[in-house]
């Protein structure tokens with residue numbers, strides 16, 4: 001993904017360029033690409049990317065600078081801060097499960113009672129009770145219940 005981004009940047013801008021990446025792999029490839037000879041690579045997409053990178057770096061009219069910054073660190077400075085912001089932008093989007101799945105997950109960790117599940121997740125009394133009824137930890141502590149309106 002990052003190598004593709006670098007090739008796109010080289011393709012789009014011919015002006016002087018500072019390239020800062022958190023991938024040591026990509027930084028090393030770009031630094032060595034200019035005036036290099038590419039042997040056959042078994043992965044066709046990677047071969048095409050490397051071939052285009054070599055062509056673009058050889059034919060650039062302006063200079064470029066490549067720098068590697070360590071990723072996922074709490075180092076001070078604007079380089080690390082920029083890397084942190086870029087990392088946040090590339091985080092995968094996670095879809096939250098529906099209310100019942102969230103309630104099941106919450107109950108498996110916190111073991112709330114039915115009223116708490118009902119209020120927190122907007123469930124019906126029956127849904128909250130069902131979640132508690134299937135919890136193996138809560139079954140050890142529950143008493144058998146008799147349905148309302150039944151004379152024992």
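Start at 1 and count along the chain as shown; that gives each residue its number.
Placed from the backbone N, Cα and C atoms, the Cβ positions cover glycine too.
Automated prediction, rather than curation, is the source of TrEMBL annotations.
Annotated features in TrEMBL:
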DOMAIN    1-95  domain 'RNase H type-1'
DOMAIN    98-139  domain 'Integrase-type'
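The residues of the domain 'RNase H type-1' (1-95), classed with DSSP into helix (H, G, I), strand (E, B) and coil, number 48 helix, 10 strand, 37 coil. Model confidence over the domain 'Integrase-type' (98-139) is summarised by a mean pLDDT of 90. Across the domain 'Integrase-type' (98-139), the DSSP tally of helix, strand and coil residues reads 33 helix, 0 strand, 9 coil.
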